[in-house]
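As structure tokens, the structure follows; a few thoughts come after it.
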Amino acid sequence: MGQSNGDIGGGEGIRRRSCDCLKQDFLPEESFKSWGNYTKALKATPARLLDRLTARSGEHIELVEMKARSQHEMKKSLTWWDLMWFGIGAVIGAGIFVLTGLETKKHAGPAVVLSYVVSGVSAMLSVFCYTEFAVEIPAAGGSFAYLRVELGDLVAFIAAGNILLEYIIGSAAVARSWTSYFATLCNHHPNDFRIHVSSFPDSYNQLDPIAIIVIIVICTLAVANTKDSSCFNHIASIFHVAIILFIVIAGLTKANLKNFTPFAPFGPRGIFVAFAVLFFAYVGFDAVSTMAEETKNPAKDIPIGLVGSMVITTLAYCILAVTLCLMQPYQQIDEDAPFSVAFEAVGWGWAKYIVAAGAIKGMTTVLLVNAVGQARYLTHIARTHMISPWFAKVHERTGTPVNATATMLAATAIIACFTSLGILSNLLSISTLFIFMLVAIGLIVRRYYVSGETTPSDRNKLIICLVLIVGSSIATAVYWGSSDGWIGLVVSNFIWFLSTLALWLGVPQAKKLRVWGVSLIPWLPSLSIAINLFLLGSIDNASFERFGIWTGILLVYYILIGLHASYDSVMESKTTAGEVNSSL
């Protein structure tokens, strides 16, 4: 990609182009200035695609040139304290009040606490992978920027495009759930505050104006100032912690140790089946990594903030799970509202309102952190010109990406207004696990491959080891889902172990870290790859179908527009850098 030249001030010309909200600001590249230019660009598609597939971005490009394309810089106002509370706010949503009861009753029994421990440790592996990248490449694009540097434009664009759709769908589902919980809190049926339109198709005829209002409020907070959003998140999260403490203390006063027997009624397999579901209660921390560009001291703040939030979240989940299982026998736990029903069973029916308030708070902060994270993903994609650079603008006064934030939340509001929770839940994506896996692969590539330094022999060994690690992990997931036996699992896991061991002993690390790095390489990212692929094996077919369809749409867009826009942007940067060098 010509990092040495592209790193030098090439953003100035692009920055001038994106200052005005004019028609040409949306497709300002040379390939789109006329139909003749676009026809020539399409004819050059194979060569341009090969160039983008074989090129890699550079860390300096992501941190200097890409930032210059936003017209103004984001304000560095966040500390580890802010990041930790953002992490807690992003992860601890309403799911804890539902998933715990479902998995305790159906799969794990009181051993659900072990499922939460395994899930927390597994999520921590992904946190460590993200943390090294966020410290070394503190850019707003999060995983998109990391994958551009290590795996190239196309992989980064497909991954980011999928996770943006998941953000929109997930936030729309949370916004509609907010309305349902609010109605319950007001002693109404969940649909009482929705508007029924009989002429609309089923599943799209319950309009939700409250969801739109909530999203507008969240949008206002997100665009105003990141520090103000952090302060709001602090207050809301402290309120949530108070509710969790109430549930734990009040619940333990009604504890009965006999309810912990039998501890694991469904055996070890039930614990791991529950783990595959409960892992999703930890998803959300990736949005915090997109705030690295606004962090005062990334080397210190990001590791403490991300790891600290995950430790606190895991402890909270485990304590809540223990409390629930001590209050009721696992057979009697309600699948839909476990804590509310448990309090009613011990004569404290009024406590359900406190639980509902906690769920509303959780959903509010999840919406806020999602709004902040998804806007920064979109902003960094726009900086590369894979989408319109208009979305890359950062407001001079607030230091936030106003265009990206408003656009993403407008799409979320439209979907939340019309689409039922049933439809939205069926559309939930596999994108998060897919990106977690890619980031782990990217971390291994980052440590073991440096262009111009790694020998062809070591490069080939790295490729073989990665193929075996991924292949054996897929085999484990497939065998787990299709068989109750253990022989196949032992074989596939043994191949994974040997592959990781061969990488550890047979390929020298090539990357010298500047700031902070993860220990236990390659074991930690290799285990993260295996776990995320294992979890992908538990996803339903509808999600894979959606993933395939949306990925196909993204590929068509990339070939027709994104490829040519980003190629022109790179060529312009090279030209500008060359002119600067010649003048010097």
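The backbone N, Cα and C atoms fix where each Cβ goes, glycine too.
Straight from TrEMBL, the features:
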{"type": "DOMAIN", "residues": "516-566", "note": "domain 'Cationic amino acid transporter C-terminal'"}
{"type": "TRANSMEM", "residues": "78-99", "note": "transmembrane segment"}
{"type": "TRANSMEM", "residues": "111-133", "note": "transmembrane segment"}
{"type": "TRANSMEM", "residues": "154-175", "note": "transmembrane segment"}
{"type": "TRANSMEM", "residues": "207-224", "note": "transmembrane segment"}
{"type": "TRANSMEM", "residues": "231-251", "note": "transmembrane segment"}
{"type": "TRANSMEM", "residues": "304-330", "note": "transmembrane segment"}
{"type": "TRANSMEM", "residues": "350-373", "note": "transmembrane segment"}
{"type": "TRANSMEM", "residues": "402-424", "note": "transmembrane segment"}
{"type": "TRANSMEM", "residues": "430-450", "note": "transmembrane segment"}
{"type": "TRANSMEM", "residues": "462-480", "note": "transmembrane segment"}
{"type": "TRANSMEM", "residues": "486-506", "note": "transmembrane segment"}
{"type": "TRANSMEM", "residues": "547-567", "note": "transmembrane segment"}
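Two recorded stretches are said to be in contact when at least 3 C-beta pairs lie under 8 angstroms, sequence spacing 6 or more; the transmembrane segment (78-99) and the transmembrane segment (547-567) fall short of this definition.
In terms of C-beta pairs under 8 Å, the stretch of 207-224, 462-480, 486-506 lying closest in packing to the transmembrane segment (350-373) is 207-224. The stretch from 154-175, 304-330, 402-424, 430-450 with the most CB pairs below 8 A to the transmembrane segment (111-133) is 304-330. Among the recorded stretches 154-175, 207-224, 304-330, 430-450, 462-480, the one sharing the largest number of Cβ pairs closer than 8 Å with the transmembrane segment (547-567) is 154-175.
Taking residue pairs at least 6 apart in sequence, the transmembrane segment (402-424) and the transmembrane segment (154-175) share three or more C-beta contacts under 8 angstroms. With a cut-off of 8 Å between Cβ atoms, the residues of this chain six or more beyond the transmembrane segment (402-424) that come close are 164, 167-169, 171-173, 175-177, 180, 200, 203-204, 206-209, 211-212, 215-216, 218-219, 222-223, 371-372, 374-376, 378-379, 382, 390-395.
Among residues of the same chain six or more beyond the transmembrane segment (231-251), those with a C-beta under 8 A of the stretch's C-beta atoms are 82, 85-86, 88-89, 92, 221, 316, 319-320, 323-324, 326-327, 339, 342-343, 348, 351, 354-355, 357-358, 361-362, 364-365, 368-369. Outside the transmembrane segment (462-480) by six or more residues, the chain places 272, 441, 444-445, 448-449, 454, 488-489, 492-493, 495-496, 498-500, 502-503, 506-507, 526, 529-530, 533-538 with a CB less than 8 A from a CB of the stretch.
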